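J.: One structure is given below, represented as structure tokens, and several questions about it will come after.
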Amino acid sequence: MENRWQVMVVWQVDXMKIRTWNSLVKHHMYVSKKAKGWYYRHHYETKHPKTSSEVHIPVGXAXLVIVTYWGLTTGEQPWHLGHXVSIEWRQGKYKTQVDPEMADKLIHCYYFNCFTASAIRQAVLGRPVLPRCXYPAGHXQVGTLQYLAXTAXVGVKKRRPPLPSVTKLTEDRWNERQKTQGHRGNPIMNGP
């Protein structure tokens, strides 16, 4: 029987980001109780030797599974040390990979308070606006004019500790897209 390979998207991350992610997830599961129904699986509970932890987040009839790995092939720099994260959407037997922005949007929709259409109307009428967006990482796009006006009226309140964000977990120097320099920064186009 031949070896069967399975290709996965794995985001290479720093070890400290994984520690921060795990501690934020545990805090919101056990202390603040905002992550109801989430399941944290330790490395000794998994069968795979390179899995350091798993977080199962129920999203409707499906589950979002964030798996952190250790001991993968070392990266280009010494601080990489082969730590990584994969994000899966599972529903029954179906599994697919999800990018961090989509994972944050799914978590935002199901678990954390956000502005509603009535909040904008209440702010315009001068009534107190109770719902605040408790998970701003779930908004990847630029807000509408009404949303920006409502945030200006209500104000933004920093949360301590912050809510766990998959985008923040995977964002790092080596995961960012290549940024091309403008015409002034390109020595080839400007000449010597």
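Note: Cβ is positioned from N, Cα and C throughout, glycine not excepted.
Quick caveat, the model's predicted, so the values are computed rather than measured.
Swiss-Prot lists these features:
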- H108, C114, C133, H139: Zn(2+) binding site (BINDING)
- 169-179: compositional bias 'Basic and acidic residues' (COMPBIAS)
- T96: phosphothreonine (MOD_RES)
- S165: phosphoserine (MOD_RES)
- 14-17: region 'Interaction with host APOBEC3F' (REGION)
- 40-44: region 'Interaction with host APOBEC3G' (REGION)
- 54-72: region 'Interaction with host APOBEC3F and APOBEC3G' (REGION)
- 74-79: region 'Interaction with host APOBEC3F' (REGION)
- 75-114: region 'RNA-binding' (REGION)
- 151-164: region 'Multimerization' (REGION)
- 151-180: region 'SOCS box-like' (REGION)
- 160-192: region 'Disordered' (REGION)
- 108-139: motif 'HCCH motif' (MOTIF)
- 144-153: motif 'BC-box-like motif' (MOTIF)
J.: At a C-beta cut-off of under 8 Å, are there same-chain residues at least 6 beyond the region 'Interaction with host APOBEC3F and APOBEC3G' (54-72) that contact it? List them, or none.
T.: 10, 12-13, 15, 18, 21-22, 25, 35, 37-41, 46, 81-91, 98, 103, 106-107, 109-111, 166, 169
J.: Restricting to the same chain and to residues at least six past its boundaries, which positions have a Cβ under 8 Å from a Cβ of the region 'Interaction with host APOBEC3G' (40-44)?
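T.: Hits for the region 'Interaction with host APOBEC3G' (40-44): 22, 25-26, 29, 51-56.
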J.: Cβ atoms within 10 Å, counted per site: which of T96, S165 has the most, among these modified residues?
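T.: Top count of Cβ atoms within 10 Å goes to S165.
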J.: At a 10 Å cut-off from the C-beta of H108 (Zn(2+) binding site), count the other C-beta atoms across all protein chains.
T.: 21
J.: So, in DSSP terms, is T96 (phosphothreonine) helix, strand, or coil?
T.: strand
J.: Do me a favour and check the Cα-Cα span between H108 (Zn(2+) binding site) and S165 (phosphoserine); whole Å is fine.
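T.: Counting only the Cα atoms, the answer is 9 Å.
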J.: With DSSP as the yardstick, break the region 'Interaction with host APOBEC3F' (14-17) down into helix, strand and coil residue counts.
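T.: Counts, helix then strand then coil: 3 helix, 0 strand, 1 coil.
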J.: Look up the residue listed as 'phosphoserine' in the DSSP assignment and report helix, strand or coil.
T.: coil
J.: Do you know offhand how many angstrom separate T96 (phosphothreonine) and the residue listed as 'phosphoserine' by C-alpha?
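T.: So the alpha carbons of T96 (phosphothreonine) and the residue listed as 'phosphoserine' sit roughly 19 Å from each other.
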J.: Taking all residues of the region 'Interaction with host APOBEC3F' (74-79) together, what is their mean pLDDT?
T.: 57
J.: Tally the residues of the region 'Interaction with host APOBEC3G' (40-44) by DSSP class, grouping H, G and I as helix, E and B as strand, and everything else as coil.
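T.: Helix, strand, coil within the region 'Interaction with host APOBEC3G' (40-44): 2 helix, 3 strand, 0 coil.
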